[in-house]
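**Q** Next up is a structure, given as structure tokens.
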Amino acid sequence: MRRRRSQLGALCVGAATATVLALAGPVAAAPAGQAPADGQIRNAEAAGVVKGQYIVALEGDASVRAGARASVRSEATALAERHGATVKQVYSSAFRGFSISATEAEAKALAAAPGVRYVEADGVARAVGEQPNPPSWGLDRVDGSMDDTYTYPATGAGVTAYVIDSGVDTSHPNFQGRAVSGYDFIDNDRDAADCNGHGTHVAGTVGSRDHGVAKDADLVAVRVLNCQGSGQWSQIIAGIDWVADNADGPSVANLSLGGGANSSVDQAVQGLIAAGVTTAIAAGNSNADACGTSPARVAAGITLGSTDRGDGRSGFSNYGRCLDLFAPGRDIVSTRNGGGTQSMSGTSMATPHAAGAAALYLEG
């Protein structure tokens, strides 16, 4: 992974823009087989907690083998029934666990149960973009030449890019029929249409004909953010788990979203990468240390900060040792939901430049 990352840095944003920083150490996790003392709930007092909803991490490793999900579902059902909780979603491929509806007392009882690694309060993550309206410039930085052209050594043909976001307008002509719906974890169906616009813009930078880095990559929409651009961690973990279970062949994932520190989503992203999916992650737009943001703080991912047209750090971009690269993120023109183009800014816009560059690398 580190060898791939060093080559990707040169490919992704060129000498003027690509800044490789010291990597963060691995995110700390509770030791296997050890539930938090006294049935405590992680992140119970964090901002944006979803009342009455929790994520349960089970002992053991995630697996894509046949029967893994059924095994987790059986364990989840037994634990939930024993403690009065209701199972909502089951995870097995990137994260071994499940989400529940429960009272605080029921969740605390589960946290102390044998076989449970930890219980964490569910919370909210958001897309990290803004929207002004000038012309774009990002593709010129990808090849490093800064000559008002984009010269690409590959097109990403044969590589699948999973856009884990607000959905994608798969009918946009700039996708040339290469964009399809994977799954919608907001409405729980297979139509991952976009009603926000963020995911369509991100997908366009990854792989649209005119605005994309990897112009022949296949694009799969995985909807985990609602029409307001936010989603619960439990839904986002479900989307990540789905990608780990369904990815086949050379694959990249784009996570242009984030929120406060959350060990469950961090663990899911680690599982996705371990399953062989190269993953680009937005650093966040708080002008703060990215090591306080999930999933940006996952060391195995490629975490992106944003630069502006002058190749300096965008004022909104997070920073710090948890970043791997900077890429163009201010005033980026890409595909608009419903057709045409629009300009957006954010580390969300920087991230798909790296996901697209990873697709170029994986084609070779």
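Glycine is no exception: its Cβ is also placed from the backbone N, Cα and C atoms.
Quick paste of what TrEMBL says about this protein:
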ACT_SITE  Asp165  active site, charge relay system
ACT_SITE  His198  active site, charge relay system
ACT_SITE  Ser348  active site, charge relay system
DOMAIN    53-124  domain 'Inhibitor I9'
DOMAIN    156-363  domain 'Peptidase S8/S53'
SIGNAL    1-29  signal peptide
**Q** Reported as an integer number of Å, what is the Cα distance between Asp165 (active site, charge relay system) and His198 (active site, charge relay system)?
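**A** Cα-Cα distance, Asp165 (active site, charge relay system) to His198 (active site, charge relay system): 7 Å.
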**Q** With helix taken as DSSP H, G or I, strand as E or B and everything else coil, how many residues of the domain 'Inhibitor I9' (53-124) land in each class?
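**A** Breakdown, helix to coil: 24 helix, 24 strand, 24 coil.
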**Q** Looking only at C-alpha atoms, tell me how far Ser348 (active site, charge relay system) is from His198 (active site, charge relay system), rounded to the nearest Å.
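**A** So the Cα of His198 (active site, charge relay system) lies 9 Å away from that of Ser348 (active site, charge relay system).
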**Q** Should Ser348 (active site, charge relay system) be counted as helix, strand, or coil on the basis of DSSP?
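**A** Assignment for Ser348 (active site, charge relay system) reads helix.
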**Q** In terms of DSSP three-state secondary structure, what is the assignment for His198 (active site, charge relay system)?
**A** helix
